[in-house]
């Protein structure tokens with residue numbers, strides 16, 4: 001892609017997200033979401049492949065439907081209450097707006113577009129779609145968290161955790177695995193949204209860090225299939241080792257970064273006397289743990305079928321400082337969790 005066009009698209013992404021973050025008016029927030037949607041489509045189709053065109057079309061139709069629902073609900077709410085303010089919502093339109101924002105995020109059962117879209121686009125665009133594109137809808141959800149329906153949030157949260165685990169088990173494509181991982185993590189965030197919005201924000205920031213670290217690592221070794229990462233050890237053993245640890249962090253194993261949000265969410269659910277919900281959530285997360293462990297097994301504990309005769313391998317993998325920074329954050333934030341919670 002032309003560097004000037006790429007800069008314009010990335011700048012548009014930044015402007016769209018910033019506009020949504022700064023607005024307290026539904027119309028301005030909607031305009032920011034639309035700028036975001038339109039700016040990422042050229043990035044999806046920068047390699048003119050039929051699969052990329054199909055992914056961009058699916059993404060556009062889904063996001064356009066969700067945006068239309070947001071605009072309709074906000075307009076009807078303004079007609080009823082006389083206010084366009086984000087935090088002033090009347091009852092029936094809160095549910096439709098919440099559903100539209102969850103559709104933009106890719107929460108189950110409105111998740112069907114997400115694995116297909118991420119599978120059809122390059123890793124760099126998949127990184128933007130999995131991290132940056134979720135900031136604006138999640139911010140709006142956080143702003144209306146006190147008005148949302150608790151039963152709806154719990155239902156969609158549990159469904160997302162279950163589908164995120166079930167969907168990732170049988171995958172051979174790493175981008176689809178990351179898509180189902182994203183659905184599962186968003187389910188954890190939505191589950192606790194009504195009880196403790198600050199904890200949702202904390203979980204979201206750590207999700208962005210861990211997902212970015214994983215995508216940067218995959219971009220460094222240019223792997224998109226499980227069969228490719230199984231032969232990556234000879235090329236870059238240190239990077240593959242840190243990738244394994246990032247995967248375990250995504251799974252939520254102690255003492256890595258990903259353990260802190262899961263621990264705090266379970267403690268918050270127990271504090272709210274929802275022990276059954278906490279138990280079901282922990283059991284559902286075992287499905288996701290299975291495919292993360294499967295990936296780490298393939299990466300570290302299996303050898304490629306053809307071992308080269310030479311003892312020295314060409315190590316042409318270039319690790320950027322950004323990859324190292326994100327990986328370090330994705331592994332070592334757990335001891336700093338109380339500090340981050342105080343800041344948030």
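Each Cβ is built from the backbone N, Cα and C atoms, and glycine gets one as well.
Annotation source TrEMBL lists domain 'NADH:quinone oxidoreductase/Mrp antiporter transmembrane' at 23-287.
Feature annotation from TrEMBL assigns transmembrane segment to 110-132 (among others).
Residues or ranges marked as transmembrane segment by TrEMBL: 152-170 (among others). Panel annotation: around the transmembrane segment (152-170), residues 95, 98-99, 102, 107-109, 111, 115, 176-177, 180-194, 277, 280-281, 284-288, 290-291, 294 of the same chain, lying at least six beyond its termini, place a Cβ under 8 Å from a Cβ of the stretch.
Annotation source TrEMBL lists transmembrane segment at 201-218 (among others). Residues 123, 126-127, 130-131, 134-135, 138, 142, 174, 178, 181-182, 185-186, 188-189, 192, 224, 239, 242-243, 246-247, 249-250, 257-258, 260-261, 264-265, 320, 322-323, 326-327, 329-330, 333, 337, 340-341, 344 of the same chain lie 6 or more positions beyond the ends of the transmembrane segment (201-218) yet place their CB under 8 Å from a CB of it.
According to TrEMBL, the feature transmembrane segment maps to 238-256 (among others).
Within the chain, the transmembrane segment (276-301) has long-range Cβ neighbours (under 8 A, six or more residues past its boundaries) at 154, 158, 161-162, 164-166, 168-169, 171, 177, 180-181, 184, 188, 191, 226, 229-230, 232-233, 240-241, 243-244, 247-248, 250-253, 262, 265-266, 269-270. Taken from TrEMBL, the feature transmembrane segment applies to 276-301 (among others).
Residues annotated as domain 'NADH dehydrogenase subunit 2 C-terminal' in TrEMBL: 289-341.
For the transmembrane segment (322-343), same-chain residues at least 6 beyond its ends with a Cβ under 8 Å from one of its own Cβ atoms are 198-199, 202, 205-206, 209-210, 212-214, 216-217, 219-220, 239, 242, 245-246, 249, 254-260, 264. TrEMBL lists 322-343 (among others) with the feature transmembrane segment.
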